[in-house]
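Report on the structure given below.
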Amino acid sequence: MTVKSEGVLLVLSSPSGAGKTTISAKLLEQSTNLVRSVSMTTRKPRPGEINGKDYFFVTEEKFHELCKAGQMLEYAKVFENFYGIPRDFIEQNLSSGISVLLSIDWQGAFHLFKLMRKKVVSVFILPPSMEELRLRLQKRNSDDASEIERRLAEAQKEISKRDKYDYVIINDDIDKSVEEISSILNKERLKKLKEKPSLED
């Protein structure tokens, strides 16, 4: 007799500079049964990129076919190329008991909440303070002062949406944040086992 459980769709959102990318990388490195969501795109592969690992590379015609068939959870056009989240990749992993990590902004997260709320566990990552966020953005040395101000204004807007998420954490220490999200993921996996057991002879 075997107890089966679906995986969890772990959605992480944060303002730019709050540490979402670093936390995601560490979670994937440390967690078992957790994979990164692989997006689909119509752009050409760059040197070294692997189809199915970095992206699913498809023609624009194929991309639009999948959109019309309802096979894209979310999609957008960026610099003349389309990018989207393929439904099959997410659902196949979840049904196999593998959790999927998706780092997206609040708009993408809210769209997913509408489509598959029961499968989503969402975490909003906050910086310790707006001043700390400003310092982190300045340390990147990739944006000028006006761009940093724009990002900070956008961050305020994003932070105002945090109450719609299942969990909110403050990232003042990367390792502690990774540990906290790992605990959330394990708790939600156990909850799924209790809620939805299916027994096989």
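Glycine is treated like the rest: Cβ placed from N, Cα and C.
Per Swiss-Prot, the features are:
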BINDING   Ser14, Pro15, Ser16, Gly17, Ala18, Gly19, Lys20, Thr21  ATP binding site
DOMAIN    7-186  domain 'Guanylate kinase-like'
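Sequence features, as recorded in Swiss-Prot, placed on the structure.
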residue: Ser14; record: ATP binding site; Cβ contacts under 8 Å, 6 or more apart: Lys20, Phe124, Ile125, Leu126, Pro127, Glu158, Asn171
residue: Pro15; record: ATP binding site; Cβ contacts under 8 Å, 6 or more apart: Pro127, Leu133, Arg151, Glu154, Ala155, Glu158, Ile159
residue: Ser16; record: ATP binding site; Cβ contacts under 8 Å, 6 or more apart: Leu137, Arg151, Glu154, Ala155
residue: Gly17; record: ATP binding site; Cβ contacts under 8 Å, 6 or more apart: Pro127, Leu133, Arg136, Leu137, Arg140, Arg151, Ala155
residue: Ala18; record: ATP binding site; Cβ contacts under 8 Å, 6 or more apart: Ile125, Leu126, Pro127, Leu133, Arg136, Ala155, Asn171
residue: Gly19; record: ATP binding site; Cβ contacts under 8 Å, 6 or more apart: Ile125, Pro127, Arg136, Asn171, Ile174, Ser177
residue: Thr21; record: ATP binding site; Cβ contacts under 8 Å, 6 or more apart: Ser103
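Lys20 (ATP binding site) is surrounded by 21 other CB atoms, counting those within 10 A of its CB over all protein chains shown. The ATP site is set by Ser14, Pro15, Ser16, Gly17, Ala18, Gly19, Lys20, Thr21; from the centre of their CB atoms, other residues of the chain with a CB within 8 Å are Ile125, Pro127, Asn171.
Per-residue confidence over the domain 'Guanylate kinase-like' (7-186) averages 93 (mean pLDDT, predicted model).
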